[in-house]
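So TrEMBL lists the following for this protein:
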{"type": "BINDING", "residues": "A:Gly33, A:Ala35, A:Val36, A:Asn40, A:Ser264, A:Asn296, A:Leu413, A:Ser417", "note": "Na(+) binding site"}
{"type": "TRANSMEM", "residues": "A:27-45", "note": "transmembrane segment"}
{"type": "TRANSMEM", "residues": "A:57-78", "note": "transmembrane segment"}
{"type": "TRANSMEM", "residues": "A:99-127", "note": "transmembrane segment"}
{"type": "TRANSMEM", "residues": "A:179-198", "note": "transmembrane segment"}
{"type": "TRANSMEM", "residues": "A:210-233", "note": "transmembrane segment"}
{"type": "TRANSMEM", "residues": "A:253-278", "note": "transmembrane segment"}
{"type": "TRANSMEM", "residues": "A:290-311", "note": "transmembrane segment"}
{"type": "TRANSMEM", "residues": "A:402-422", "note": "transmembrane segment"}
{"type": "TRANSMEM", "residues": "A:443-462", "note": "transmembrane segment"}
{"type": "TRANSMEM", "residues": "A:474-497", "note": "transmembrane segment"}
{"type": "TRANSMEM", "residues": "A:518-540", "note": "transmembrane segment"}
{"type": "TRANSMEM", "residues": "A:567-592", "note": "transmembrane segment"}
Amino acid sequence: MAHAPEPDLASGDPGDERPRWDNKAQYLLSCIGFAVGLGNIWRFPYLCQTYGGGAFLIPYVIALIFEGIPLFHVELAIGQRLRKGSIGVWTAVSPYLSGLGLGCVMLSSLVSLYYNTILAWVLWYFLNSFQHPLPWSSCPPDLNRTGFVEECQGSSAVSYFWYRQTLNITADINDSGSIQWRLLICLAACWAVVYMCVIRGVETTGKAIYFTASFPYLVLTIFLIRGLTLPGATKGLSYLFTPNMQILQNPRVWLDAATQIFFSLSLAFGGHIAFASYNSPRNDCRKDAVVIALVNSMTSLYASIAVFSILGFKATNSYERCLDRNILSLINEFDFPEQSISRDDYPAVLVHLTATQPRRVARLPLKACHLEDFLDKTASGPGLAFIVFTEAVLHMPGAPGWAVLFFGMLFTLGLSSMFGNMEAIITPLLDNGVLPRWVPKEALTGLVCLACFLCATCFTLQSGNYWLEIFDNFAAPLNLLIFAFLEVVGVVYVYGMKRFCDDIAWMTGRRPGPYWRLTWRVVSPLLLLTIFVAYVTLLARKPLSYRAWNPQYELFPSRQEKLYPGWVRAACVLLSLLPVLWVPMAALAQLLTRWKRTWRDRDVRPDTNTR
Amino acid sequence: MLWLLFFLVTAIHAELCQPGAENAFKVRLSIRTALGDKAYAWDTNEEYLFKAMVAFSMRKVPNREATEISHVLLCNVTQRVSFWFVVTDPSKNHTLPAVEVQLAIRMNRNRINNAFSLNDQTLEFLKIPSTLAPPTDPSVPIWIIIFGVIFCIVIVAITLLILSGIRQRRRKNKEPSEVDDAEDKCENMITIENGIPCDPLDMKGGHINDAFMTEDERLTPL
């Protein structure tokens, strides 16, 4: 009788009303959609390019093998086994760890707030893409219509549209400004869309995910094919992937690779635990973990090829326009016939003219045009999507169509990640019966979405972008690292490695091999600890500053570096600590209730003992 | 005598129209950039048309209705296709003030551009800024229209989902009572096959087959 013992914790009563995925594909797509998000498009290509192209893949793959996949397997397995959201799972592992679940829920709420605001920006750009010419293609004329608006003239039409016509940003974080009604209604629409998809939990999410998870891949393929046929694409790709092995000696590369894998897989949010809890108990979560993690990394690579072929085209385009401007200056000054100097002849002609008429040449506003400078002008984060890419799209024939596709892709990418975030909040609340039974699920999800929308309106203020950067830099990273560390340690050392392996053997049919056991026990906790320490040291060394968009700045259009005022710094600290504080507080509360019980028992016992 | 007069006139003309002269403007055309293959060559006939357009523009200015084509002087035509021009008064001794010429050109810029199939960027009057076209704002911005469409669809979908959820829950509440009715009916139903009533399969209990002897009963105890 050599079959694995039945797990003793209730794996589901016969009358279990827990909703389920309609089929395996929904579950896989949901996890992939949650893991694949905006970061795959605008963070990975930037890291790849900054850290020596193809060489970056080495620390990335190592981090994937030793940190990403093991942690991911732990989350899926524990969620599938205990069949509860994050609060229920960690309370079941140990009552002292219940704070971990609470912290995860709070963290997911904070992240949902600003993540959906980014989606509101994407929606705004999407709505504005349905016109020709695109609104960010030219500067608006000023009041007497003799020139363009000064701020736009000084920077660029794309930057002006982003900073002024979208965000209407103030020059300082202290100056909050007013609520931008355009962004507010886009935010309302985004939360309405999220509510529509999450309204009945996995029932509705499972249907919506078919579209939101597959549409980005379709668009990426279209962009890849289009991008590779554009002139200059190969230059962008070779610049991205040319390996620079020297850069591996810089420890910063390894840190960024590890953090990128970690945040890219959306670990420690509680979303994967929630998704896995709706699975049938006997499901091969090991294969799922490996498949989803690999799909996530492949998507990053695929996206970076598409993105960089387009950016290569943009750089080549800018380089050619720079050359053309110089050639035009020469032709106009020396009255040569039109188009008499080709781009290839330009260097020779310039040398000849500098030798024969140096004074006239010196007076001309000639800029040095190097292709590498334009290739270097990439960015990460919103800067890539809303400034660099929008400019690249302008020069592609059929620009509005490409803009619609691009922002539609970003929207669906972010939406599928939002599903994971919302499930991470809603599933624990449902499991713990926060609202009475007779309140329908739709009402709970509606309340959560409404509360998040009201809180997120602060990001639609004119200084909202600065606050969003604060949330992005301080709320998420440190807390996630701590939570992931506690997760792996909690499962391996508190729940028990043997018990966990037995559970996995029961669920998948095979005990986890030595690779899994070693990474869970030693490698992943150590890696997480190292990353955490490195992160904190780097953070401590840098003064807390931000870069403001100030048209009055003398080096405009460069952003002005300003320090955070005192109260903002306090807010940063609060954001970093608030989710984590739940862990010790809940543990303390549990300890106090235990003590109270033992004291109460001790008071009762003397009566029974004295017979 | 006539030759002397001729030389005098051309000399004065030459003085009036010079690069950088008072009230003179430089014009630059980029015909090949604008028209590509359909570019025309710049010759004296095109210059004549230009003079005509400038004279036409000056005639629109009050007090200058008597401007003739011969009052417009062109000089320094280069291969770039750039040249300088001035507009003289009827006596051909003085040039008209730059402000008036500027005003005239600005008001008729569109007509001048169209005469040469060029636009503000390819037919440049240096030092005469062109008035930019007003932004073509439709009465209702396009983004609001699309936003309205999407938002309405989403609200309708949410309402439908909520209503179907309410209906589902009402059906579930009615179901337990319906299931009880069905069970009663089942018990009263007798299946009939070939006219002979069959015994209904009793789900709830089992019949005990007395003919079957259990294992321990067969073997007599020791």
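Just so you know, glycine gets a Cβ as well, placed from its N, Cα and C.
TrEMBL does not curate its annotations; it predicts them automatically.
It should be emphasised that the depicted structure is a prediction, and the values quoted were computed from it without experimental measurement.
What's the neighbourhood like for each of these?
In the three-state DSSP assignment, the secondary structure recorded for A:Ser417 (Na(+) binding site) is helix.
The list of residues near the transmembrane segment (A:27-45) in space but at least 6 beyond its ends in sequence, with Cβ under 8 angstroms from a Cβ of it, reads 21, 76, 118, 202, 205-206, 209-210, 212-214, 216, 240, 260, 263-266, 271-272, 275-276, 278-279, 288, 291-293, 295-296, 299-301, 303-304, 307-308, 378, 380-382, 384-385, 410, 413-414, 416-417, 419-421.
Tertiary proximity for the transmembrane segment (A:57-78) is limited to same-chain residues at least six positions away from its ends with a CB under 8 Å from its CB atoms, namely 31, 48, 89, 93, 248, 253-254, 257-258, 260-262, 264-265, 267-268, 272-273, 276, 285-286, 288-290, 292-293, 297, 484, 487-488, 491, 495, 500, 503-504, 507, 512, 516, 519-520, 523-524, 527-528.
Residues 116-117, 119-121, 123-124, 127, 166-168, 204-205, 208, 212, 415, 418-419, 422-423, 426, 445-446, 449-450, 452-453, 456-457, 459-462, 464 of the same chain lie 6 or more positions beyond the ends of the transmembrane segment (A:179-198) yet place their CB under 8 Å from a CB of it.
Sequence-remote contacts of a segment are chain residues at least 6 beyond its ends whose Cβ falls under 8 Å from one of its Cβ atoms, and for the transmembrane segment (A:253-278) they are 18-21, 27, 30-31, 34-35, 37, 39-40, 43-44, 47, 51-52, 56, 59-60, 62-64, 67-68, 71-72, 75-80, 82-86, 89, 101, 104-105, 107-108, 111, 202, 247, 285, 293, 296-297, 300, 417, 420-421, 423-424, 426-428, 476-477, 480-481, 483-484, 487, 527, 531, 534-535, 538.
Beyond its flanks by at least six residues, the transmembrane segment (A:290-311) meets 28, 31-32, 35-36, 40-42, 44-45, 48-49, 60-61, 64, 68-69, 72-73, 217, 220, 223-224, 227-228, 230, 233-234, 236-237, 239-240, 261, 264-265, 375, 378, 384, 388-389, 392 of its own chain at Cβ-Cβ distances under 8 Å.
With a cut-off of 8 Å between Cβ atoms, the residues of this chain six or more beyond the transmembrane segment (A:443-462) that come close are 109, 112-114, 116-117, 120, 167-170, 175-180, 183-184, 187-188, 191, 194-195, 198-201, 422, 425-426, 429-430, 434-435, 468.
Residues 70-71, 74-75, 78, 90, 93-94, 97, 100, 103-104, 107, 110-111, 114, 259, 262-263, 267-269, 517, 520-521, 524-525, 528-529, 531-532, 535-536, 539, 572, 575-576, 579-580, 583 of the same chain lie 6+ residues outside the transmembrane segment (A:474-497) yet bring a C-beta within less than 8 angstroms of a C-beta in it.
Non-local neighbours of the transmembrane segment (A:567-592) in the same chain are 95-100, 102-104, 106-107, 110, 173, 470-471, 474-475, 478-479, 482-483, 486, 544; each lies 6+ residues outside the stretch with a CB under 8 Å from one of its CB atoms.
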With an 8 Å cut-off on Cβ distance to the A:Gly33, A:Ala35, A:Val36, A:Asn40, A:Ser264, A:Asn296, A:Leu413, A:Ser417 Cβ center, who else from the chain surrounds the Na(+) site?
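Surrounding the site, in chain order, are A:Ile32, A:Phe34, A:Gly37, A:Gly39, A:Ser266, A:Thr299, A:Ser416.
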When you look at the transmembrane segment (A:402-422) alongside the transmembrane segment (A:99-127), do they share 3+ Cβ pairs under 8 Å, ignoring any pair fewer than 6 residues apart in sequence?
yes
Over all shown protein chains, what is the count of other CB atoms within 10 A of the CB belonging to A:Ala35 (Na(+) binding site)?
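So the Cβ neighbour count for A:Ala35 (Na(+) binding site) comes to 26.
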Around the C-beta of A:Asn296 (Na(+) binding site), how many further C-beta atoms are within 10 angstroms, looking at every protein chain?
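Result for A:Asn296 (Na(+) binding site): 24 neighbouring Cβ atoms inside 10 Å.
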If you run the three-state DSSP split on A:Ala35 (Na(+) binding site), which class comes out?
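It is helical.
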For A:Gly33 (Na(+) binding site), write down the residues of its own chain that are at least 6 apart in sequence and whose Cβ falls under 8 Å from its Cβ; none is a fine answer.
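Same-chain residues close to A:Gly33 (Na(+) binding site) (Cβ under 8 Å, separated by 6 or more) are A:Ile209, A:Thr212, A:Ala213, A:Ser416, A:Ser417, A:Phe419, A:Gly420.
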Long-range neighbours only, meaning 6 or more apart in sequence with Cβ under 8 Å: which ones does A:Leu413 (Na(+) binding site) have?
A:Val36, A:Gly37, A:Leu38, A:Asn40, A:Ile41, A:Thr212, A:Pro216
What are the non-local neighbours of A:Ser264 (Na(+) binding site), defined as same-chain residues 6+ apart in sequence with CB under 8 A from its CB?
A:Ala35, A:Gly37, A:Gly39, A:Asn40, A:Arg43, A:Phe44, A:Gly68, A:Asn296, A:Ser297, A:Ser300
